[in-house]
Amino acid sequence: MPIAQYSTADTSQSTLSDSDTLTAFSAIEDSAKKAMEPATIHDRSVSNGIVAVFVEQGKLDVTASSEPNTTSVFATIELSAKRALDPSLIRHDRTISNGIAAVFVEHGRLTPPLHNRRRHRSGSESSFNDSDDSSAAPSLRIRKRDRILKVIRFITSRPHRHHHKTPSGESEKYSHHSRSCSNNTEGKHSCACSEKLVGARQDVFSQNVSAPLVDVVLMDVVVPKPHSRIDTTPQLVLCSFLLAKHITPRLSREESEDEADVVQEASQELSSDETQEPLSDNTQDLPIITIHGPTETSASEWIKAIQNDQVEQNRIYWLISQMVESFIKDTVKDSAAISEIVLLAPVLNREYYRKLLSCITAEFGQAAMLDVHLLQGLVQIVQCASSGYLVADDLVKILRILRMNLQGIHQQTANHSYHLTLAISRVLDVMAEQRVEDLDRVLEHEPLSDILSVLKGNSDPYLMYQASHSFQALQYVPNDESALEALMRYSAGVTESFAKVTAFTRLDLGTVLDGLEKLQETVSDSYKNARSAYEGISELLATGESILEILCGGTGYGPKRRWYSALCAARKLAQDGQLTELNQLICRAPCRCDPLFQWGICQLLGEIASDSIWTTVVREQAIDLLEELFTNDTNWGRDEHVRNWMLTIIYQLSESPDEAVRSKAFALLQDLKVDTTTVIRHPYPLRNRLPMPTSSTILANVQHIPYVEHDLHKFQQSRLKDGQTVYIPPQAKASLQARDDSLFPLMDKVQEFLASERQVMLILGESGAGKSTFNRHLEIELWTDYKAGGPIPLLINLPAIDQPEQDMIGKHLKLNNFTDAQVLEMKQHRKFILICDGYDESLQTVNLHTKNLFNQPNQWTAKMVITCRSQYLGPSYHTKFKPQPTDRYNSSSIDLFQEAVIAPFSKDQVKGYIEQFRRTSMAQRAFGDRPIWSCEQYMEKLVAIPNLLDLVKNPFLLMLSLRTLPGLALSMKDLLSVKVTRVSVFDEFVEQWFEINLQRLRDSTLSSDDRITLELLVEDGFTSHGIKYLERLSAAIFKEQGGHPIVQYLPLSDTGTWKEEMFSHAPLVRLLWEASPLTRTGNQYRFVHRSLLEYFYSRVIFSPNKNDINMASQDINDSSVQTSFDTNGPLFRSNLCQEPSIIQFLCDRVQQNPQFKQQLLDVIDLSKTDSDASQAASNAITILVKAGVLFNGADLRGVQIPEADLSDGQFDYAQFQGANLKGANLTRSWLRCADFSKAQMDNIHFGELPYLKVSSHAYSCAFSFDGALLAVGLLQDGIVIYDTTTWKKVNTLGQEMYVFSLAYAPNNSQQIVSGGSGCTVRLWDSVKNQVLFAMVGHTERVYAVVYSPTGEHVASASDDKTIRVWSALTGQSLLILDVHTAKLTGLAYSPTGKTLVSGCDDGTTRLWNAKTGAPGAVWTSSSKSTILCLAHSSDGRWIATGHMHGEIELRSVRDGELSAPLVGHTSRVRGIEFSPSSQWIVSAGHDLTVRLWDVSTGALVSVFSGHTAYVTALTFSPNGLQVASTSEDDTVRLWEVSSSGSSCLDMQHGHTGSVSGVSYSPDGQSIVSCSRDKTVRQWDASTGTSGSFFLRVPSAIQVIAYSPSGEHITTAGSDDNNITLWNSKKNIAEVVLSGHTGSVSSLTYSSCGKSIVSTSWDKTARLWDTTTLPTIETGCILASTHTSEIRAAAFSPRGTHFVTAGIDDAVQLWDVKTREIVATLEGCGKLNYVVAFSPNGGHIAIGGQDELLYLWDGTSTIPGDALRGHSDIINCVAYSANGQWIASGSTDKTVRLWRCKADKSSFSSKWICDFVLRDFQWPIRSIAWNPASPMEFVTGCEDHSVRAWRLVEDEGGVRVCLIWGSNIGQLVALHLTTKDATGLSNINRDLLVQRDLLVQRGAADAQ
């Protein structure tokens, strides 16, 4: 075949002109011809190579015509050969090799070196410290990211050339699949990447991010203040960066000032623009650092502060230099020191950088064993070098050391080999980037290449990959051999290599072309400067394996692989944050099928996902991309090693400390369903850099700082060692008064607090609410997130600290083995987060924050999270926690305090707790061999047991219940019969605890003595011995330590004491305390929970035996109960009123054990004759009252009960004659008709004071600042002033009408300001009785006046819609605020005086700047109801407003958020005031009541009743002990507040809304009631205790009735218009009667129970046949002639008739059988509301709006008797079972009892009112008589009460006694007898007289 056939059309070169050369090149032509003939047998000639070269260069074209022109083809060869063989050349080697080389040089394919040879490196090396070395490698000035972007664009635009792939050496050994893809078929190009298979998404990384390389240095770093100590190395790095970047370049000490002058002037502002030009050449290579958030602001301020401060700048440089010097001098360089100094490397100047590099290199080279930390540090220092800092010899020396280490150990330690090859690849990357060349071939290049070649064959795929990567990196670092020398050296073998090319030409010409291209590059690389790996990225465009390995066999050089270039590009893209381009590269790189490329990409993605310098989003996206590649990319992971590597990465990520990464990776593993035990290996970590230093030891040493961080790290690890088994994140509300539906995650609120400027956060919760558990979890979370130098979290168990009010932090640190020097260091320079647990258990009463001087100069800097049981706190508890202001006008502490209240568990939280509990060992022990219940099974039991679900909303009780329920379920079949109380849960828990621990001891290895002792204990009752032991221990703790829960036992010091008896190592004692619920920390012992301490102490008072410890026990044998109390025990010797939790346990015992109740009653009786029993009697009656025991009619004559807490007790007709009641608290007690004759009543508390009588309606009142005077503003007669000592009138000011508002000056009791109907504001001198200033300006009445806190200003609000501010010194008008659009109704100053708050008729509250008048926030009431009054709390936290419809809103000043409304008033709230301590709110309403509220709980504490007309205003006394209220009844009443909040337990279980219906069961033993609070409750008719039936429904129920059989409780009146029949035993709805289209107003059963009649607002009455239940649907609609709503119905006693009454004034009598009206009564009155049949059926009682009670015989058309007496609507009426009595209840707040008496004059009977029951403050809504006890009846009232009464008739007449009542909530002290009582103060005596006179007057009026 003619050679011309392969010629190109290129004729630009010279033709042959010298005939002498034709002979020389004739062989070339012949060889070329032969080389292109397929049939030619290929000899070993160079001509084959020449032809191939020309083909590769495009000079020969295999597709050209068959008539080639050979002349032009070889013209260049001829000319080049002539030149190469010119006689003038120095060397006349007329060899073909030179000719070939000349051809390449001539065509520019080879670039001659700039110098022939670099000087040979002998044993001497250039010094690292030679800063003037001229051989420093030039830096890369072209931005590498721009090159990559250019290549990416090139990739996406250029068509792909797919070539067949021949596996390389490493790939062949690595991938079987690669080999399968490389099998050739003639004429066919096949590759996995060329197939149309599914690929991964290219948009997993959604956006680019800023370069993250050095951001980690600044994470959470606080810029220190100038000249303050720099605590951490990250702080120093940040300061150095800011200094170098924005103020001065990084200069060495030797650089002259002249050199420094050329540095560009510092920028004045910090810029975050990454593209900004550097300020000097020295700063160009500073790390890219992005500063955001607070750091950005503080950094900018820091720069401004030190830009002209040379001293501070020098200090930064000095610290840096000293740290390097200190590290160099230190002989021990541990991992922490290495991490710390490496962190500093990027900001070092050249001098100290090279010093550090030299030190690290030498240290590593001299190390006897490989130090991986030191190795990694060395690599990082090399990688972070700035331009000009490294010289070529540095890198060569480092590479040599690494090679020697690798050569020495690689065969023994695969792990070390891996790390060394990784380091080598990183160093080689830097060498290639720095263009280091002329690496000694013999000494460096070939030895390293040989080692790596061996490692490439390693069976470990991890090591093989890393060796392959290093081998590739080596190819980009050229050795020192010239091209011609290389050709000469292997010229003998080159012809053989060329022959190999031709061997493949028959198979695939494309493969030959690629191979020759690589051959050229290899020859070129032997002398040419190495180009950057990133500049060679165009290699990505070709795919497949190269033939170069064959061509270069035996030469000692390796090929350049495209996958390596691709990985270099990928890493660079990642480093620059160009993640979208990285995503595209991964998905579109032609070499992406190569397993080695896939391995490297997976490793890169794993490093991104595992590295905290990336954002969580980026890290999760990296996992997403791994998932995409694994599951959706058919080209990816065909090699099993790659797939296993991907799984390994995901598995490692599933163990990440980052929650988000861990969860995502774990979920992915589960989705992939991988057996991790068989395929996943992870011998090497996913980490490409050293971890952040956990301490700053070097910096500390430089600054002579005591070594703290290491010990803190150990302390951190010890605290994180023990995790928690069950933890449910608690929900909380902002305060005790906040709405229950306004909950938030407590942890979020605490984190918000920690990020704020506040200093103290109080967390409240009841006992067992989970406070300690939350504290422990918070500590774990804070320690987990702890960073060196950051705030130190300390969980402090307050009871364990002796006198925590003094140096609490120091004591805690010393207890944890910190030295005095360390403690002092931390005090001066560190911040703390204190988690103070158990304020109540430590029995503290002081403000720990204030006492410890936290955050004061030279004191501890700390934030405090402190927990306390809410039961422990009394009035003014905020003062115990809130940081105090330094002066009275400084309210800076207002925003320093925050609180939260842990809410009870929700149902979902209970379920979550159960799910976690089921997985614990506690559950396994509870069930033993039985299967553990599912969550659903547990919930079934909790719901089945009455009241238990509510009880277990307490986490501690939930845990106890979950442990005890399995045992209970085995013993009890009917769970509904179980009555669960708090104490019963504890009883069962204690039983199980000792059973479990007994088994544990039996299974343990015990000594012979211990074993014998244990068997003796078991024989004698192990559990009983354990309980007795704990009872003795609790008694000793209270007796010896005052209840302090932690016992410190020192065996030597405590010999012979009670502690030795409890905790000695004697076998008996040790076995008992080891089996008890106690914890031990060192020498400190305590109960696992304080509740257990209190439980066992309650058992000391009353301890039932084992037979009684059963939650199902209702009947207890007399023999099972102790018969007497220990007179030396706590009942007789301790005041239990101070221990509410113990009282509660004992209350449960009273309800559980009737004998215990009787014993307490016996103790009370004992006190009548034994004065030594007075303390016991006080405790006993307190327990009984709190347990709900009633003392109505009780004989308490002569009892000795001083200081007893009788609040909320019921003592109707009680006999207290001769009793010792000194100091007793009778607040909110029912004392009607009690007899206190000859009783000792010193210091007794009734909760209120006598009233003051004034001459006209009173509208305002105010105390003087010292409390000595009370001023009252009247309708007439102006202002009256009283002396509060005598309560006598001392002065009257003016005659102004309607004084609506007045105020005393805050510091002058002589000055009063007033406002009224006269439109004038007057400032009075109250002593001289004259007006100082009459301030005129308002045009309508002045409704509110207030003094500023300083007394300098007066503000007034008027109906003219303006606020005016006046000078109290001159009377001049200073400001007019006229933004309001409606009348002003309220005004107040903030405690600082800086803000005015106004309330308006339109329902808005506005804030104003009191100085400028500038308007502030505007808040609208939630109901948009008119605001009638307003108050500002003295602590500055709250604003309270009273509204038109009885609402009271409490709003936070800080954020304007509303708390739960205070609900109670039923009409206008006219007055509102905070107590001076801000703990109470008192309100006055048109409902005639004054109400006291607890701000912290929102609870209604007391209802002060006594006013008989609208209450108009009120005020607190300055000491907060009294409240004065004014009224239109012409009185000023004085209420005592001091004892109102003393009750810690709410024993008043009952309704919280108006009671609309009551009904007796047929047997008279139970009562049911319904209420507007959407509940139905059942009561014991004799005791008032709660029954088992309880409902909570979606809407309020208005009507309720028992069925005659008692099987059903029927309800109606709710929003659904239905009638529901509930099974009275099972609490389930069995039948729902639907049909009414309006609310059901009444229902009544026939006596046989077969029929129900219901009436409705839909104007219909329906008759229901209950015999067809449950198939009955709509009932029979009666053809009523009522024209309006039917309000009532009643069946006749025989059930033959029923009556209906409507508000159309008609009453209709119906026949049941015919369902027709048989009689109609009209005109009996308007708006008939109620009807009732007499028991004999002879009369029907009818009541309604006309206040008369009519009696109708059912036959006539006109009513009979009209009973008069009520003064308002009659709401209910009922006949007694014997028909002798009628009870009627009215809106006039009375119940009238009518009796039929014989009229002797007319010889007939007449109904008369025989008794008026006036003991109500609200309308009575329902009445029912007991069918079994005809003298008993029950009332339901709008005051939320259900009260049972008994009629008693004796020679004294008829009296009505209270049997029991719910929701008393107020003092009822009527008709008391106090004859000859002693110690009763005049004030209390006047009070009782006034009360009695009032009632007597009312009774007289009624008659």
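Note: Cβ is positioned from N, Cα and C throughout, glycine not excepted.
Whatever TrEMBL says is automated annotation, not expert-curated.
As given in TrEMBL:
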DOMAIN    306-656  domain 'Arm-like repeat'
REGION    112-139  region 'Disordered'
REGION    159-186  region 'Disordered'
REGION    252-286  region 'Disordered'
REPEAT    1292-1325  repeat 'WD'
REPEAT    1335-1376  repeat 'WD'
REPEAT    1377-1418  repeat 'WD'
REPEAT    1462-1503  repeat 'WD'
REPEAT    1504-1539  repeat 'WD'
REPEAT    1548-1589  repeat 'WD'
REPEAT    1633-1674  repeat 'WD'
REPEAT    1679-1720  repeat 'WD'
REPEAT    1731-1753  repeat 'WD'
REPEAT    1763-1804  repeat 'WD'
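Looking at the repeat 'WD' (1462-1503) alone, the prediction's average pLDDT is 86.
Across the repeat 'WD' (1548-1589), DSSP helix (H, G, I), strand (E, B) and coil residues number 0 helix, 22 strand, 20 coil. A Cβ distance under 8 Å defines the sequence-distant neighbours of the repeat 'WD' (1335-1376), meaning residues of its chain 6+ beyond its ends; these are 888-889, 1298, 1300-1308, 1311, 1313-1323, 1382-1389, 1391-1393, 1396, 1398, 1408, 1410, 1412-1413, 1430. Mapped onto DSSP classes, the repeat 'WD' (1679-1720) shows 0 helix, 23 strand, 19 coil. For the repeat 'WD' (1763-1804), the number of residues in each DSSP class (helix H, G, I; strand E, B; coil) is 0 helix, 23 strand, 19 coil. Secondary structure by DSSP for the repeat 'WD' (1633-1674): 3 helix, 18 strand, 21 coil. Across the repeat 'WD' (1504-1539), the DSSP tally of helix, strand and coil residues reads 0 helix, 20 strand, 16 coil.
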